[in-house]
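Trainee: Input: one structure, supplied below.
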Amino acid sequence: MKTPDTCIQLIVGLGNPGNEYEHTRHNAGQDFVEELARDLGQPLSPTPKFFGHFSRLNINGKDVRLLVPTTYMNRSGQAVAAVCQFYKIPPEAVLVVHDELDLPPGKARLKIGGGHGGHNGLRDIISSLGNNKDFGRLRLGIGHPGNAKLVSNYVLKKAPSEEFNAIEDAIRAAQPHVADLAKGDWEKAMRELHSKT
């Protein structure tokens, strides 16, 4: 599949709000964006008009917005659509960071477009963007419990320390590649990240 050369203008970290969900598997995307904002010295702040916590920063001369929706996971699209409409950001300039059952902890994979794969956050974003699936995704592996009936309980729990550390390692490995994505160099970001994790 051809990689795009679209510069990423919005990075969205998916998760559920509230202390009971902090650092659960389902909040891996939120953890990524919160750590990125902190590391770049631009912490997120509550922004009601965007239904989430928001920050705006400069990465290598490129204007990039960071968003963590404070709606629940299955309403994430409300926040994404609000930012995209306000700043006139096309779906292909959006990167959604989310937990991925089909990858083991410690893996991080970039992907362009595609379906929602049963992920309620992705499902709502696709719907809120007018059924547009063209946004990028950073998939952070959390592993699978082995039985579909166990998934909803599994994703809302904290991972055991070994798995949690592997997820954190993947988050740290992926963060430097945001600079490549901000300038539209998907090919380099994919090649280097996928060889590391």
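Yeah, the Cβs are placed from backbone N, Cα and C, and that goes for glycine too.
Taken from Swiss-Prot, the feature active site, proton acceptor applies to His26. The tRNA binding site annotation in Swiss-Prot covers Tyr21, Tyr72, Asn74, Asn120. Taken from Swiss-Prot, the feature site 'Discriminates between blocked and unblocked aminoacyl-tRNA' covers Asn16, and the record attributes it to sequence analysis. Look at Swiss-Prot and you will find Asp99 tagged as site 'Stabilizes the basic form of H active site to accept a proton'.
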Trainee: What are the other residues, in sequence order, whose C-beta lies within 8 angstroms of the center of the C-beta atoms of Tyr21, Tyr72, Asn74, Asn120 at the tRNA site?
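Mentor: Going along the sequence, the neighbours appear as Asn16, His26, Thr71, Met73, Arg75, Ser76, Gly121.
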Trainee: Between Asn16 (site 'Discriminates between blocked and unblocked aminoacyl-tRNA') and Tyr72 (tRNA binding site), how many Å separate their Cα atoms?
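Mentor: Approximately 5 Å lies between the Cα of Asn16 (site 'Discriminates between blocked and unblocked aminoacyl-tRNA') and that of Tyr72 (tRNA binding site).
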Trainee: Can you tell me the CA-to-CA distance separating Tyr72 (tRNA binding site) and the residue listed as 'active site, proton acceptor', as a whole number of Å?
Mentor: 11
Trainee: Could you work out which of the recorded positions (Asn16, Asn74, Asn120) has its C-beta surrounded by the smallest number of other C-beta atoms within 10 A?
Mentor: Asn74
Trainee: What does DSSP assign Asp99 (site 'Stabilizes the basic form of H active site to accept a proton'), in three states?
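Mentor: DSSP assigns Asp99 (site 'Stabilizes the basic form of H active site to accept a proton') to strand.
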Trainee: With H, G and I counted as helix, E and B as strand and the rest as coil, say where DSSP puts Tyr72 (tRNA binding site).
Mentor: coil
Trainee: When neighbour density is defined as the number of other C-beta atoms within 10 angstroms of a residue's C-beta, which of the binding-site residues Tyr21, Tyr72 has the lowest density?
Mentor: Tyr72
Trainee: Cα distance, Asp99 (site 'Stabilizes the basic form of H active site to accept a proton') to Asn120 (tRNA binding site), nearest Å?
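Mentor: Rounded to a whole number, the Cα-Cα distance is 11 Å.
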Trainee: The record lists Tyr21, Tyr72, Asn74, Asn120 as binding tRNA. What's the largest Cα to Cα distance among them, in Å, rounded to a whole number?
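Mentor: Answer in Å: the longest Cα-Cα distance is 16.
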Trainee: Specify the count of other C-beta atoms within 10 Å of the C-beta of Asp99 (site 'Stabilizes the basic form of H active site to accept a proton').
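Mentor: Taking all protein chains shown, Asp99 (site 'Stabilizes the basic form of H active site to accept a proton') has 27 Cβ neighbours within 10 Å.
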Trainee: Among the recorded positions listed here (Tyr21, His26, Asn74), which has the Cα closest to the Cα of Asp99 (site 'Stabilizes the basic form of H active site to accept a proton')?
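Mentor: For Asp99 (site 'Stabilizes the basic form of H active site to accept a proton'), the spatially nearest of the recorded positions is His26.
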Trainee: Expressed to the nearest Å, what is the distance separating His26 (active site, proton acceptor) and Asn74 (tRNA binding site) at their Cα atoms?
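Mentor: With distance taken Cα to Cα, Asn74 (tRNA binding site) is 12 Å from His26 (active site, proton acceptor).
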Trainee: Under a three-state reading of DSSP, tell me whether Asn16 (site 'Discriminates between blocked and unblocked aminoacyl-tRNA') is helix, strand or coil.
Mentor: coil
Trainee: Measure the Cβ-based neighbour count of His26 (active site, proton acceptor), defined as the other Cβ atoms within 10 Å of its Cβ.
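Mentor: Other Cβ atoms within 10 Å of His26 (active site, proton acceptor): 22.
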